[in-house]
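Features as listed in TrEMBL:
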- 20-31: compositional bias 'Polar residues' (COMPBIAS)
- 1-38: region 'Disordered' (REGION)
- 176-208: repeat 'ANK' (REPEAT)
- 244-276: repeat 'ANK' (REPEAT)
- 314-346: repeat 'ANK' (REPEAT)
- 347-371: repeat 'ANK' (REPEAT)
- 381-415: repeat 'ANK' (REPEAT)
- 416-448: repeat 'ANK' (REPEAT)
- 542-565: transmembrane segment (TRANSMEM)
- 640-657: transmembrane segment (TRANSMEM)
- 669-695: transmembrane segment (TRANSMEM)
- 707-729: transmembrane segment (TRANSMEM)
Amino acid sequence: MENFGYKEGSTKPKQRRLGSSRSTKIKSTQVAPAPVSAKPRFSLTPDVTVHWRNDPEAVLAEDFEYMKIGPSPPAESAPNMFENYEESAVEFGFEVSAETIRTSLMEQMRISSGRLKLLDNIEQGNICAANVREMFEGSSKAEKNISFLFAAFLKRWDLLEGLLECGAELIYFDSNGFSALHLSAFSGCLNCTSLLVSRGIDVNMQPRAFTPLHCAAFGNAVEIARFLINKDGKQCIHTKKQNYEESLLHCAVRSNAIDCVKLFISEGMDVNSLKPSGMNSIHLAADLGYVECLKVLLDCPTADPNIRIGIREKESTALHLAADEGNVESVSLLLAKGANAKLKNHRGFTPLHLAARTSSFECVELLLRVGNADPNAEDFDQRTPLHAAIGKSESAFDIIETLICWGADVNKKDVFGFTPLHLAALDGLAHCVEILIYHDADVTTKSKKGTTALNVITRKTPSSLAMINRKFDDAMTLIHSQDPSDKEVVLELDFRSILQHGYPRETSYLNTLVDEGQKEILQHPLCSAFLYIKWGKIRKYYIARLLFCFIFILFLTLYVLTALAHNCYNGSKDMEETIQEQELCQKQSILGNMLRNNPFVMEMQWMVLVAITFVEICRKLYGMTGYSSIRRYITQMENVTEWFIIVSVFVISYIYTKRTYTWQNHIGAFAVLLGWTHLMVMIGQLPVFGAYVAMYTKVQVEFAKLFIAYSCMLVGFTISFCVIFPSSSSFENPFMGFITVLVMMVGELDLELLINDPDGAQENRN
């Protein structure tokens, strides 16, 4: 729903991703990475992934396309609730793993037209220190250099001296920036590393992205890392990659190299230091779900579990990242180490918002129970975790119920007036809609654009309307007497489901049902009983209002008839030019003479009418408080009619110039007509006369449709007759002509009026 400021984030459904899913896969022949489950804790198929929309005009996935049933509701659509915090995958262009290194070296040998058999022989042990010179005699420079790297990678330190003597370069690095020292450090071969260092290789060389110490961290080669540090290996050097720089500790965390992490911490590395991308090692471990590594970091005395990301003003903590990933163990560990579950990031999201969005039930429960998270915490758009929990996953239902049990407000509106019920209905999530209605969500609540939740439910999830009837059923209880001899049964009715959202207007809930076309729900016994009791209490007041309205219209009618219709007031002032012979006041009748001789009677009529009108004005002004907006008030035809009558009382008065005018007669005539029509509608609200008045109004509505359908033809006939019969009194002007054609349409007149019209006949003869 312009709405809505939800233009950030991804249009894709939020997917749960595993910590090991990264472009940079850190593997080693020595140290296996921490075991990671092949699938998320909560297995989400494409059909049950949580859906978040970012743009109301965006094309939705097939599973979330709106149902093409009937007219669409007002132009409002469920917004994207939260931007995607998934960090962009790190692109090294090369996976740092034993398999990829081996494959890369063989590919480089193939590209350089070298013999792959040399590498196979090194790997199979067919080449040894004794025959290395013989095997590489006549080999190209590329073959020797790549074989040198391959030997270091496979820990064949016994071949290094021989290959160097055969002409291999000591400081040679491949297309990925790996030298023999890098590969031996990754493989964890102390003999190779010490040999190469003794030959004078710089332990801090960084041909491209990494130093040998980085590679040792990737391979979790703690002995090599210690050796390199003792050989003046610099721990402060960051990886070199555009838009991606990480410290040594970050590399160790990314590879889940727990031993290396412990070593680097013991060597004095700061666990709170932020890399240029804004994350520190604690953030990274929490984001990747490496619990053991995270524990090592948090056990450091200087570790701050609440440190925030320091770039792009995201300001997320490690708890935000762990909750966003649904990493239950990481969330539990962070809470145990003092992480604050109430901290908000740059958009006001708490970890509970993100855990609810990810549909991680266990994380939500942990944050509420252990972290004392606020279930009604608002982000900067006033959305709560309950808004975030709306989704298609199976765990979303448990999360919704858990949040409500912990005190979440089911009717909390965001800055655009959307409640969780609006969002569930807009996404067609019938089960979520039913859960929310069951927990007393208000179906009559409106967004800022005036769309009720019931309006959306009717179009998107009509099957959920049955839950309203179920709520009404639950509100009716049969109570049997405890005395076995007493067979009386008491029916107890609980009207809270109708009244709790209707304050201050008790019938607003039922009015919404009528407005949204759900009148059949009013036939439920609970609604019928409520209306019966309500009518019994207000009947006397309604009848009193009818009598007051009758007196008001009666005095208005008398004033219009006496003072205006026959110019009796002007006649009483001896204004002979305004008195015509056919008028009542000129016929020497008793009433006419009385009015002419006693004008104060007409003046008193107007005074009484004004007094009644002021009472009516006070009633109408007080009635405004029962409407949600001025717009809704003025769109009610009843209010427009009553205000026209009220204003007309002052417009048709004689008090301004001590006389009346012809134009006031026309206004008075319309005011009287509308007044008596309004009184008829009010009488029609009485149960005794309701059917008859409803029948009349229905006929008038259908006639109005017919009139609109034929209006163009009526205008055409009117203009045609005015042209053909210009001298006819019935068509002397377009207005009279239109009235005449309208009467002819209903069959009351025909063309005989033109044939028999004296003026028209005389004109034709001439």
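Every residue, even glycine, has its Cβ placed from backbone N, Cα and C.
Not measured: the values here are computed from a predicted model.
Here the repeat 'ANK' (416-448) is broken down by DSSP into helix, strand and coil counts: 16 helix, 1 strand, 16 coil. Counting residues 6+ beyond its ends, the repeat 'ANK' (176-208) has Cβ neighbours under 8 Å at 28-31, 93-94, 96, 98, 101, 104, 148-149, 151-157, 160-161, 164, 170, 215-216, 218-221, 223-225, 227-228, 231-234, 237, 240 in the same chain. Per-residue pLDDT, averaged across the repeat 'ANK' (314-346), gives 92. Within its own chain, the transmembrane segment (640-657) has Cβ neighbours under 8 Å at 553, 556, 559-560, 563-564, 569, 602-603, 606, 609-610, 613, 616-617, 620, 634, 664, 667-668, 670-671, 674-675, 677-678, counting only residues six or more beyond its boundaries. Within the chain, the transmembrane segment (669-695) has long-range Cβ neighbours (under 8 A, six or more residues past its boundaries) at 535, 542, 545-546, 549-550, 552-553, 556-557, 560, 638, 641-642, 644-645, 648-649, 652. For the repeat 'ANK' (314-346), the number of residues in each DSSP class (helix H, G, I; strand E, B; coil) is 17 helix, 1 strand, 15 coil.
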